[in-house]
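In what follows, a structure is listed as structure tokens, so that the remarks can point back to it.
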Amino acid sequence: MSRLNVELPGLDLKNPVMPASGCFAFGAEFSQFYDLSELGAIMIKAATKEARYGNETPRVAETDSGMINAIGLQNPGVHHIIEHELKKLEQFDVPIIANVAGSVEEDYVYVAEHISKAPNVKALELNISCPNVKEGGMQFGVDPQVAAELTRKVKAVSEVPVYVKLSPNVTNIVEMAKAIAEYADGLTMINTLVGLRIDGKSGKPIIANTIGGLSGPAIKPVALRMVYEVRKAIDIPIIAMGGVQNAQDVIDYISVGANAVAVGTANFQNPMVCKEIIDELPTLLDKLGVDHINELYGRTHEVMK
């Protein structure tokens with residue numbers, strides 16, 4: 001039996017490593033670098049009811065230990081994604097987690113109902129926490145009751161388990177998680193932190209949207225803390241993300257209570273990073289003296305007792 005396999009609602013993962021939505025396009029582009037069947041899963045780019053052209057450029061700015069982006073959920077629309085992008089991925093033996101976004105509740109429900117019927121989509125990721133769009137997006141992710149109600153409506157039409165992506169831009173993430181957990185099958189966390197970078201010469205924001213989402217190694221301590229707090233409060237499957245660059249980062253997240261881990265910004269720096277992390281994990285398990293990665297699950301909570 002594999003030392004890395006993980007079972008979650010709707011997801012039978014060969015290993016706990018997957019690319020995060022928005023950092024891997026629709027996946028097929030990366031197949032030139034390695035066999036995508038080696039991944040635990042693929043979180044594809046967000047799908048909306050209609051095609052979105054995204055925000056004005058520039059949309060990306062490098063920061064110390066990370067980057068700020070304001071792409072604006074650019075995508076060709078849910079039906080194009082189902083008919084073209086998802087079909088390209090059918091050749092790979094890997095479960096797909098489809099990211100669902102929208103401007104109003106009805107958009108989320110529409111996208112979820114349609115994309116959850118695709119044969120290789122095994123779970124949905126409900127994107128209620130994107131800080132880069134002027135309507136929808138994060139507005140659903142900062143009010144516990146609104147988030148819970150949206151989750152309930154999406155869950156009612158989805159043919160696969162529903163995971164909800166939590167925003168770190170809230171006062172109390174545990175309160176959000178508890179409200180959503182009433183209807184969700186799992187959580188993904190965290191989305192980007194709202195950030196700003198300005199040009200030192202002119203004082204103008206570098207990104208046309210003014211603000212954007214901060215990601216990369218800079219946010220890992222925040223994400224670790226939030227995963228730790230949510231896991232301490234409730235028992236629900238968690239796919240963690242935020243600054244993952246190597247196998248030790250994966251171990252850190254599993255230690256605080258994540259079941260699996262998604263790699264985001266690092267894919268832009270190194271398209272091989274997910275495969276390298278997967279290959280590195282058994283060696284790290286040997287060094288830690290454990291047979292299966294699940295033995296490390298939640299160990300931080302155990303040593304704190």
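Glycine is no exception: its Cβ is also placed from the backbone N, Cα and C atoms.
Here Swiss-Prot has N69, A70, I71, G72, L73, N127, N191, T192 binding substrate, and the candidate from K45, K88, K153, K220 in that same listed site is K45. Matching N5, N99 to the FMN binding residues that Swiss-Prot gives (S21, K45, A46, N127, K165, I190, G216, G242, G243, G264, T265) identifies N99. Sequence-distant contacts of S21 (FMN binding site), defined by Cβ-Cβ distance under 8 angstroms and a gap of at least six in the same chain, are M43, I44, K45, A46, I97, N99, E125, N127, K165, A262.
In this structure the C-alpha atoms belonging to T192 (substrate binding site) and G242 (FMN binding site) are separated by 8 Å. Of all Cβ atoms in the shown protein chains, 29 besides its own fall within 10 Å of the Cβ of N127 (FMN binding site).
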